[in-house]
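Structure first, then comments.
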Amino acid sequence: MSFLEDFQASLEPLPNILQRKYALLRDLDKSLQDIQRQNELHCLQEIEGFKEGVKSGNIAPGTSLNKFSDEAQDEQKHAIRIADEKVALAVQAYDLVDAHIQQLDQYLKKLEEQRREKDNAAAAGSTGLNPDGNGKTGKSEGGRGGRKKSRVGGAAATAAAAAANAPSMDLDLPVDPNEPTYCFCNQVSYGEMVACDNPDCKIEWFHYGCVGLKEQPKGKWYCSDCGGMQKRKGK
């Protein structure tokens, strides 16, 4: 049985237990009030008897007879016992609720620890899959001398990225000095990129924003340098 199932099982009878204790508290409170009223009347009667005895001279002031009867004192002791029972029942009800609250606090703490462990594991897994944190996939780690990205169906391939249309800018991020650079901006790979279809292109890969692209071009695509060479060859 899981912690949650065990907690739910222990919580289920709690309302009925508390209801019985509160009902007993009400009964005790009613009995206490009855005893107190009875004792007050009894004591008033005995006080009036003392006064009459003093007036008639049957009782001298300050004598040992000037005290309540054993019956009246027993009523007072009975009232104290009932009050003590009420306090004990109230403490039991409080302790029951408090025990379940502490149980719930432990369960919530355990859930929070499990959530943090999952978050840490997910973060570690994400770092292991993409240690450079730039969100790119499919890019080879070759040097500048060779083709660094593959082509599909003769069209210029693009790298998957976190955002399309990345503008040419200086990235405010720490860059590995060994990371190869691309494009006219001479920056590292980021965002979506397009490859020049000239196999002899010196730059090869370009950021969409730097060459004015918003989506993958259809058919062959040449950078401005290689495009001019293709036109000259065609003349």
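Placement of Cβ uses the backbone N, Cα and C atoms for every residue, glycine included.
No curator has checked TrEMBL annotations; they are predicted automatically.
Marked as region 'Disordered' by TrEMBL: 115-154.
As annotated by TrEMBL, domain 'PHD-type' applies to 180-229.
Positions annotated as site 'Histone H3K4me3 binding' by TrEMBL: TYR182 (among others). Listed in sequence order, VAL188, SER189, MET193, ILE203, GLU204, TRP205, PHE206, HIS207 are the same-chain residues six or more apart from TYR182 (site 'Histone H3K4me3 binding') with CB atoms under 8 A from its CB.
The feature Zn(2+) 1 binding site is assigned by TrEMBL to CYS183, CYS185, HIS207, CYS210.
Around MET193 (site 'Histone H3K4me3 binding'), taking its Cβ as the centre, 28 other Cβ atoms fall within 10 Å, counting all chains. Per TrEMBL, site 'Histone H3K4me3 binding' is recorded for MET193 (among others).
As annotated by TrEMBL, Zn(2+) 2 binding site applies to CYS196, CYS201, CYS223, CYS226. There are 19 other Cβ atoms within 10 Å of the Cβ belonging to CYS226 (Zn(2+) 2 binding site).
Sequence annotations record features per position, and here TrEMBL assigns site 'Histone H3K4me3 binding' to ASP197 (among others).
A sphere of 10 angstroms centred on the C-beta of TRP205 (site 'Histone H3K4me3 binding') encloses 24 other C-beta atoms. Feature annotation from TrEMBL assigns site 'Histone H3K4me3 binding' to TRP205 (among others).
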Neighbours of CYS196, CYS201, CYS223, CYS226 excl. site residues, C-beta within 8 Å of centre, Zn(2+) 2: ASP197, ASN198, LYS202, ILE203, GLU204, PHE206, TYR222, ASP225, GLY227
